[in-house]
Amino acid sequence: MAVTHSLGFPRIGARRELKQALEAYWSGKIGLSDLQESGRRLRERHWQLQGRSGIDLVPVGDFAYYDQMLNMTVLLGAVPERFDFGEETPDLDRYFELARGGKHQPAMEMTKWFDTNYHYIVPEFHRDTTFRLGTEWLFEEVEEAAALRFNPKPVLIGPLTYLYLGKAKEDGFERLALLPRLIPVYAEILRRLRDLGVVWVQMDEPALVLDLPPEWLAGYREAYRELAAAGPKILLATYFDSAAEQADLMKDLPVAGLHIDAVRGPVQVPVFLDSYPADKVLSLGLVDGRNIWRTDLGRALALAETARTRLGERLWLAPSCSLLHVPADLESESELDPEIRSWLAFAVQKLQELATVDKGLRLGVEAIRSELETQDRVLGDRAKSARVRNPAVTARLERLTEADYRRYSPFSERIALQRERLRLPVFPTTTIGSFPQTADIRKARADYRKGELNEAVYRETMRKAVREAIGKQEALGLDLLVHGEAERNDMVEYFGEQLEGFVFTRYGWVQSYGSRCVKPPIIVGDVSRPRPMTVEWISYAQRQARKPVKGMLTGPVTILQWSFVRDDQPRSATALQIALAIRDEVLDLEQAGVAAIQIDEPAIREGLPLKRRDRDDYLAWAVKAFRLASSGVADDTQIHTHMCYSEFADILPAIADLDADVITIETSRSGMDLLTAFRDFQYPNDVGPGVYDIHSPRVPAKEEMLRLLEKACEVISPERLWVNPDCGLKTRAWPEVEQAMAHMVEAARTLRQRWTSFAGELNRSDALPSPGHTDQFDQGEQSRNGAADGQPGECFEHLPSDEEAGGGPCPARQS
Ligand SMILES: CN1c2c(nc(N)[nH]c2=O)NC[C@@H]1CNc1ccc(C(=O)N[C@@H](CCC(=O)N[C@@H](CCC(=O)N[C@@H](CCC(=O)O)C(=O)O)C(=O)O)C(=O)O)cc1
Ligand SMILES: N[C@@H](CCS)C(=O)O
Ligand SMILES: [Zn+2]
């Protein structure tokens, strides 16, 4: 009999109970003990669900009030000193301060967990960082599970992955140097777990699927030699890709077992099975923890049988990775079309599938005959379903030519025409798209969905939100406006609901970060756009505004990445189909007179394959998809893109290849670090580095934003610099947003004044806007049109031109 286990379960709750509890606690509506009771109940329910699905070993430590990496940071006593907590182990309030920022300190950085849409809190390391046993939470949860008579398997992020995913906060030091200080604390944790009677500990080391440098690989030997001696048996888990390159190393480590992902890395299975050490179990991740399609049980059973002939009782069965990345339970989806529902499996169903494979292994294939027959019928139906193929989409893709992927003229020509049309001041201010999703807006959407609000009232509520957003932006003095995205539940789901080829769920929530969740739509068939999706809202917003309003779309790669994607054709093919649909929308927006259109691609980096060898291919089709979506417009239509939540330095050439006229990009949390890469790469087009960390309720002062902009000016030519927040403002409240935007506009104005007086000192009136123009849009303060026409004059002779590398000195500070 194979041991079945789960690497982790969705912690947010099938009805997002943890989200409700967290937000109630943060807003003072419930107390700490209520929050802790919600956490306890969720853990118990999740262990029960897993146990009832037939799982032998349940994970403990996969629960977190915010993030599992942050849990490791507080468990390892590695709280950044800047929070000034002293020697005290952080309580939950302090834990939240690390995640969300405090009165005096910005939050710790957050970034994508490998190629998923989950965000972890990035550990901060200094040369003198020390570690010590911190919070007791893990040990308490182990006792909790044991008291409920579950067989607990604590889950820890392993030391190498923990260090690798952290960030060195000072130059000239390598975080691997901290390993000798880290290992003893891990050993102490393991000893504590042993003392609690724990037999197996899962050490997640997904960093092993990356292209790790040799010194990091050597670190595994050093760490696990010591940890193996500390007590419980270690199951070292890799996932998200193949670890075949490290098979020899992993087999050689003194751990009691390995877990590998047989879904994302099927090629590694024979590599691991070959000469597999007799003293280790091998856990095969047979059920896809990253997607929602039913498992091909026949195939999974065949693979398990092959493995069992080699391993016997040493074969374990599991999902490919933690089930954090899929929704909890398909049972809730009573509104989903039954045909499509029959194709799917969420977390609970996936564990049941695993139990079925285990039963087939134990009792023989006949014992699961009826499950296999149902399975074959469902897979056959799906392959033949009319919902899957649309010949018109295929035909349209076949007709595309090279010209469909290219703008008409180069950026230097386009930008001059766009500046002429938009008449924005130098250092133009803009926002990323969304404004606060107020309780009223959310309630109207919920009531409309439930049929309790008629369409006319619903639309008027949304129009009112648009009018208010425009009014506030004009009052604040922002330059390029947005409609605020009030009508959108989510930047991907909203489009998924309107595109053919997609279906969406009612409760298919997946945690994105902290209390925030997303409901990824499911791509079941060929994608097309039956009708315009956003034109009416943007046109309405433009009619309310004296300044230009940006069209706001989500790009094809992000829609792909943040949806559950069909597994019956390459991702690249689906991306191009989505791109065509977005292109249709872009052209309709242009036709409606929209002068600037933003196509968000925050997920382009996240989609980058984990192995370097796969990256060029991905980037080639991802760039192609964006260009297909964006290239049909005239030269004077300005295409913006926006990126956030990831480290973009390593894909800058591809970002430049997108050929967007303007990119707004998250940079404030990392203090503008990213911009050095923009300078070194000589990024050619306009850039808006974020100056406001929108993840924190903290409102940065004008001076703070100004300092960031000054830093940006050192690396980006001022005439190519935009001023904007890091990302959309939907998660914030209006009072914070208005204050922060006021500070941002003031910061931009200060820069403009310096710029003006700088130009004035040099007596160059042509740096100022030509008076009395009668453009479609009101002209804001000092127009970019004179000074920033791509022909740098002597007035800013020490400022680099668009053609020169990087940026230049900021207009000098005035004392
Ligand atoms: C930019 N980000 C996004 C990512 N992925 C996406 N798919 N979308 C993104 O925007 N990845 C990277 C980042 C992650 N950032 C965020 C930021 C914010 C959220 C967020 O706020 N999520 C919401 C849920 C959004 C949503 O779908 N809302 C719907 C449904 C609301 C709802 O719960 N309705 C209740 C009733 C509510 C009521 O008031 O009565 C119900 O239906 O029962 C909507 O607004 O219509 C969240 O709350 O977590 C996510 C990722
Ligand atoms: N336009 C979106 C981008 C988020 S990445 C927003 O503003 O929320
Ligand atoms: Zn963003």
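Each residue's number is its place along the chain shown, starting with 1.
Cβ coordinates come from backbone N, Cα and C, glycine included.
What TrEMBL says about a protein is an automatic prediction, not a curated fact.
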Looking at L-methionine binding as recorded in TrEMBL, which candidate out of Asp600, Asp614, Asp616, Asp617 goes with Ile432, Gly433, Ser434, Glu485? Asp600
Would you identify which residue of Lys103, Lys112, Lys443 TrEMBL lists as part of the 5-methyltetrahydropteroyltri-L-glutamate site it also attributes to Arg16, Glu17, Leu18, Lys19, Arg516, Cys517, Trp562, Glu606? Lys112
Taking Cys321, Cys727 as the options, which does TrEMBL list with His642, Cys644, Glu666 at the Zn(2+) site? Cys727
For L-methionine, with binding residues Ile432, Gly433, Ser434, Glu485, Asp600 per the record, max Cα distance (Å, no decimals) returned as 13
Whole-number Å only: compute the distance from the Cα of Lys112 (5-methyltetrahydropteroyltri-L-glutamate binding site) to the Cα of Asp600 (L-homocysteine binding site). 17
Find, for the listed binding-site residues Leu18, Ile432, Cys517, the residue with the lowest Cβ contact count at a 10 Å cut-off, counting only other Cβ atoms. Cys517
Do you know which of the binding-site residues Lys112, Ser434, Cys517 end up with C-beta under 6 Å from ligand 1? Cys517
Roughly how many angstrom lie between the C-alpha atoms of Arg16 (5-methyltetrahydropteroyltri-L-glutamate binding site) and His695 (active site, proton donor)? 20
Residues sitting within 8 A of the centre of the Ile432, Gly433, Ser434, Glu485, Asp600 CB atoms (L-homocysteine site), not counting those, run Thr431, Val482, Met491, Met552, Gln598, His642, Cys727, Gly728, Lys730
Filter the candidate list Arg16, Leu18, Lys112, Cys517, Glu606, His695 of recorded positions, keeping only entries whose CB is under 6 Å from an atom of ligand 2. none
Greatest C-beta neighbour count within 10 angstroms, which of the recorded positions Arg16, Lys112, His695: His695
Fewest Cβ neighbours within 10 Å, where candidates are the binding-site residues Glu485, Glu606: Glu606
